[in-house]
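To start, the structure under review is shown below, and the notes come after it.
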Amino acid sequence: MSRRVRRKVANKGKVKVVLQSYPEIEDGVLGNEGNSLVDWTCLPDDTVIQLFSCLDYRDRASLSSTCRTWRSLGASPCLWSSLDLRPHKFDAAGAASLASRCSNLRKLRFRGAESADAIIFLQAKGLQEISGDYCRKITDSTLSVVGARHELLESLQLGPDICERISSDAIRAVALCCPKLRRLRISGVRVVDGDAITALSKHCPNLTDIGFIDCLNVDEMALGNVASIRFLSIAGTTNMKWGLVSHHWSKLPNLIALDVSRTDIGPNAVSRMLSLSQKLRVLCALNCPVLEEDANFVANYSNKNKVLLALFTDVFKGVASLFSNMTKKERTIFSDWRSLKKKDKSVDEIMGWLEWILSHSLLRIAESNQMGLDDFWLKQGAFLLLSLMQSSQEDVQERAATGLATFVVIDDENASIHGGRAEAVLRDGGIRLLLNLARSWREGLQSEAAKAIANLSVNANVAKAVADEGGINILANLAKSMNRLVAEEAAGGLWNLSVGEEHKAAIAEAGGVKALVNLIFKWSSGGDGVLERAAGALANLAADDKCSMEVAVGGGVHALVMLARNCKFEGVQEQAARALANLAAHGDGNNNNAAVGQEAGALEALVQLTHSPHEGVRQEAAGALWNLSFDDRNREAIAAAGGVEALVALAQACSDSSPGLQERAAGALWGLSVSEANSIAIGQEGGDVHETAAGALWNLAFNPGNALRMVEEGGVPALVHLCSSSVSKMARFMAALALAYMFDGRMDDVAMIGTSSDSGSKNVNLDGARRLALNNIKTFVHKFSNHQAFSAAAASSAPAALAQVTEAARIQEAGHLRCSGAEIGRFVAMLRNPSSILKACAAFALLQFTIPGGRHAVHHAGILQKTGAARVLRAAAAATTAPLDAKIFARVGTT
């Protein structure tokens, strides 16, 4: 599987082999990176075994099948002493296929109930350590059978999620079957009764480490009788009788470390445990509200011989006090301890236990997202997580990385994070640490580190640091992983990084676009999380003109349309529609608009998404149709796919929806109504928002029948209001153009026919409406008429004078409008209209459409040239009876 930066090709005999490369080993083993072909027969066996050790079990088994030599080396016992089943689905059939290699298996990690059921088929009777997560569905029978088949078991850990189907019966069965048990840590058992604990005490004499975490009830009295206990955690467990706890547990002869974090323990019980327990050295009580609310205890606590770790204590100073000869900084106590050459075994055991329980409690505290913990997180919590990320215990590293990913998040729905916490991670060197973990060959670390990088990168400063440290390349390569969880988190990181315009090109250069597109094809079913993240990242990248073309070239259009058509998850639908909208949003130099429209099923899928019950999906689908409607070839196709009816229904139903949905619905109708056939159909059917509303009315008014209906329905006062009062210059401009269409004379014939044939026609004073409309058009155009500049332009045709007029009249956003030949012809014809006001309006409109620098100025100028409009413009500029503003605007249009 491709878990790393490159894939190298090698030949061994006639067999072509693909082998991943890893930075940890490639420099010293593989030699010259310029050689793409390596003679593997020259490698010593121990080097090949080292390479095998960096692969997961599936890749190891696959590679072993390439030749006899590698089959023999791939079965080496040292490669199968430890097995991590979490990266892939694991069932009984998979276990049976590995059974022949697992006779020496000692350590096993798994995920989920199906994998737990399959463990017995490995036939690994010598198994000593089992660790599982996502254990919610594991039953008593499964756990009992696992215990019965592995009598040499020394360590069993299930969590941190709750084991809601496991009861005391299974714990009792494990106690009876596993007499060598030394460590038992289980999360979320409802009740751990006295019989189960007594069985552990009686049948497991070596049991020194017990954790009943996040349980509802635990028998305190029975735990007080387990004399072998040295390390005990009941973090998050409820319904504890603290009087009994402090009385009985303080008498435990070997108890040296106790964790009561996230419980309701009070100061009296803490004081009794610390003062009465003879061997107790560490009591961890993080996030214990009753204890923390006792101001007197917090202010006066002092115990020189024993360590209390709480939110109000200096955790680093407390841990450092366990060492008598440590002279370095307290804040670096964990790294200093790891670097010691001569270690105290008893202190080592405490430190290893502390790493485990601290990583667990900090993650749970981060998940709870409690108020009032900023001081703790900023002063020591963030640095604690960074210190734990450097642990030699892989599960501690993973939880610490997950904790970093979690504690910065304020609102998951709106992707908002705590800036101060993110900056604290950045300040303390956390980005480099996370990137180093992401480069690990262990997939569990890869996914958790990538998740943390993704969440932290919402902060712009962190995103810059990630990019500067080479994080984009790391994430782009992780996105190629065959492990769905790794690929999903890497795609999430690219999604957040791609928000920054400065990172888009770097993501494309790192191969991120192709990796994201491939993710969609790879996980097209059963991977909603990875699909949403991949589509979201592509949507951000598609907003950039150059990257959008790379998305299209890389197969992104087909992939995104496939998601829009087939995926039922609203998050995926929304991001796929957004990506298609962004792909279609670019100007004439980009062919993606046409490419999306021509992709089989694209328009039908987007029309269908406008019926979604989720507003975000409807909004993005309407936005995509809006952008696509600017291509002449798409308009009729959208209408044929039912787009007119769907968008009219959407526009009518979204009056109470967000402004974004209203804007896109109106905008899509605006775009479609450029086509006369669509305009008629829309007429029959039925501010940012002002702009789109004015644009839609402008296009609708092109059809005389629609124009008359708009007059009859009171559209003139509405357009006059937009033309005179909107804060948007574009809205006022398009409202004026709509009014001009309505009263340039083409509606009159329709009005006469309607009057004679339809006795039920509404009685409308067309003359009054015309006067109202023309007066407002005149007022609007005059606002762009600088008297001094016009006088200078009238006296001289010098380019400087005309340029001054142009700049004074320019409406910047109008340069984005694209008009058809019929529309340009309509304004050219209007230059011959008897109304001086309409002449001025037409000249002003043609000026806006052809001002150099506009997105479609060349297109409009070409239409004018082909239709011979230059002659009409020159005539208008020279007409003695034309108003000054019409003459000047026409003169500018001829230059």
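From the backbone N, Cα and C atoms, a Cβ is placed for every residue, glycine too.
For 37-83, the entry in TrEMBL reads domain 'F-box'.
The repeat 'ARM' annotation in TrEMBL covers 429-471 (among others). The DSSP breakdown of the repeat 'ARM' (429-471) into helical (H, G, I), extended (E, B) and coil residues amounts to 33 helix, 0 strand, 10 coil.
Residues or ranges marked as repeat 'ARM' in TrEMBL: 470-512 (among others). Taken together, the residues in the repeat 'ARM' (470-512) have a mean pLDDT of 95 on the 0 to 100 scale.
Residues annotated as repeat 'ARM' in TrEMBL: 511-556 (among others).
The repeat 'ARM' annotation in TrEMBL covers 555-586 (among others). Taking H, G and I as helix, E and B as strand and the rest as coil, DSSP gives the repeat 'ARM' (555-586) the counts 25 helix, 0 strand, 7 coil.
Taken from TrEMBL, the feature repeat 'ARM' covers 601-643 (among others). Residues of the repeat 'ARM' (601-643) grouped by DSSP class, helix first, strand second and coil last, total 32 helix, 0 strand, 11 coil.
Positions annotated as repeat 'ARM' by TrEMBL: 642-687 (among others).
Look at the domain 'F-box' (37-83): DSSP puts its residues at 31 helix, 3 strand, 13 coil.
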